[in-house]
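First up is the structure itself, then whatever we jot down about it.
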């Protein structure tokens, strides 16, 4: 079938900000789709609210709208651009839900817009729990016994009939939001209440739990001619009961017999044909390990996280081909871009094994509930490729960057028996390490299978790894065992520990027997056809398939898995750096291990190595490629941390030298540099012990800001107001010693300002100055950033430009740097300098039209800013106003405190842009998912230090028609200022308390500032958590509340009676 010529313009809906359950995989899918449609000659209009994505670059579509993905804004874009069709299946759950909303509101009919890929009936059949169950019954496909419920009474009735445990699956939600396994009435009440709130159609499916069955996924494709094929089948190591996004996954499946494989393959193809999906689809199935019985769990009628994994695991570009199928092309007429000779209907064949391990953010959230269930909690994932499951698994473990280079975690090895049993029977994020610890202590694989229902095959493979460990320890420096260990995926670092030598000694031992990895190509066809894909993985075999080209090359280190503090912004910079290297005439090589991202799409770079970002693995690639040098500025802290080891091995680090990077990151060296440059910073010192920290804090005066040196994302950072709190921090948050000092600074409560700049060593370009709405003390990644800065005087701006220029040249920065300042009146202090790309670089690149990573890379390669066409100094400011608003995933992470402070908590960001600050903020808030009520009730409960400021806010809220509710202390302050307020009871008082009002939906906004002490038993924690669970916006900073208020004021009209001044409002009390 030829492609359709009756449509000219296609609207692609993106997935919005990164949240748990919907991450960088949709930037990858959206980028592929936009380019694929443009390649076919269509005019592409894109809407997405996330500025940190490649897909929102101007080159990706004919028209790019960085606007909220809401019915209001998408309808406006449709009316303006008049697309012939929309493609919603590449924007995750956001895209699907948006298409359903547009249809229900009549917009698609009104504007005559067709839905491509998967029609709305199919989306409804797959997403609506009742329609899906009916379709499966029609097809004769088994689904677990279930019932659709809309309230708690219906849930009780179902449980009475079939008993516990039951699984709750809300309709139309993402990453299992609001769902879970319930073993008793208390869990049922919590989960069903949450699920009904989060489901846009107030509907949940309650089903009999089949926890313990094997979970298997099939990634399938179908075209308009009803050709259908399987791209990849994957097996979850964890059985049913743990969300697939939180499971360790292997591809292809390892434990299915041919009969089982074919049975489930046929079911998957039958389902995609019945749904008449044109494009990609993910089918999840549960298989009884003791029979051929199976159940269909669910179907995602769209490109998903699993599609990204399947694409990278096989090399088959699902999203790219799904876009082509959506416009009428068929699988047998689209060439497979990997081989260039075969067509897309050939099912990929793998002659290797792929392992995926999720990456969690529990290092950031110590209070979080780490237990895994049907609601996803991972922020990202890593993938590794090997010739055996053992090799792929160990490579994936060391890709995680959790301080483990092997299946060995101190906490697991030192755990007492009770903890070990609990961690094995009730899975948490680190269960793999506890399984290894149990095997080391002599538990059998049969015992572990009984407790976990993990297939014996995987446990046997794990036990073989432990056995090999023992043989390694018993035979130091044995060459045969060394070769066997390397083939099984063991790292040099772990072998060095076993043999009590340093890592270099292991390397020398391998060099003596020429024991080095070779690189194999990922080609989709197990070498059956000729292939030239520049996509490689390492293994210890004979034949090497990667050859060095005659062209000079540059290696760019990626940023690894997505986690809080190091998100998709760094992948964005990596991709732009690669493009700049190619433009400069070099071969660009990427090393990375994140299957979700654009950088690991093999068509981006000249060569892609899918490898762990460890010194050993990176050095092997460098030895084979012999590059001109390595770029570490764009891979976040991951890449920066490798620079020292690489330089010691004689590798040229391009851009800012290692010594100068250290001068910016090492406290004492940085202080000396500031002294020479005569740039002020808040008073502070480095402490190497608890006593020293107390002395420093006493000298400079509380409050103080304490943090370990060398951190990204403000990890273990806190504002401390007393000696007692400082002792608590020093003993609980950090392991302080001379090797790992702690920084103690005077806390300046001023206005925080952030600058990204590019330096060629002589000239310094500052694309823009951003101010934060929240004052210093809230992490820059969690603050609302505004460009151009609205509250800075000309003098302050000039000072910032002067200091930035002096810092860049004084620290010999070549490439990018990010500086954070705090402004107190007209005084400017420097807080920190990061000699690398930053979280704000994509945002600033988009709005100033200066492609920062691209320009910085050209500078790193030796060009200067003036020759590249840039004038040094501050670039001319734009007329429009842009805001970057953080987005949080608190709904997924129960028991995490939502209060903002120096430790970063946001998972993503959105952008708002308009002609006034209020309009830009409105767009930003709406895009971030904040519900903006024009009237309602504000609950104020603030710390004593904030009461004076809260009075002004309350007056303004009252003026535009909001009712004010407050707890006793805050209410008294407001009453004294003659503000009408309803006093509510605190938690624990026996009458109706503020928690009841929150639960009953009587509150529309909560403003709650932190009393000192972070322990969750405090009332504030409960207020904040309840608000999140009930979908009520919470401000833990008065600055954020003031920003929301500004927006509401700009949307309201003045309503005053002519004789208003004569009448005093009575006080009311609830």
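A Cβ is built for glycine as well, from the same backbone N, Cα and C atoms used for every other residue.
Since this is a predicted model, take the numbers as computed values, not measurements.
Site annotation (Swiss-Prot): ATP 2 is bound by 746, 748, 752, 777, 778, 779, 780, 820, 832, and the candidate from 707, 858, 894 recorded at this site is 707. One residue stands out among the binding-site residues 215, 298, 832 for having the most other Cβ atoms within 10 Å of its Cβ: 215. A coil conformation is recorded for residue 777 (ATP 2 binding site) in the three-state DSSP classification, outside any helix or strand. Most Cβ neighbours within 10 Å among the binding-site residues 242, 748: this distinction goes to 242. A Cα-Cα distance of 48 Å separates residue 707 (ATP 2 binding site) from residue 208 (ATP 1 binding site). Of the candidate binding-site residues, 748, 820, 834, the one lying closest to residue 242 (ATP 1 binding site) when CA atoms are compared is 834. Residues 707, 746, 748, 752, 777, 778, 779, 780, 820, 832 are recorded as binding ATP 2; their most distant pair of Cα atoms lies 18 Å apart. Take the Cα of residue 820 (ATP 2 binding site) and measure to each of the binding-site residues 129, 208, 298, 300, 834: the nearest one is 834. Broken down by DSSP into helix, strand and coil, the region 'Allosteric domain' (930-1070) contains 59 helix, 19 strand, 63 coil. Compared over the binding-site residues 129, 208, the count of CB atoms lying within 10 A of a residue's CB peaks at 129.
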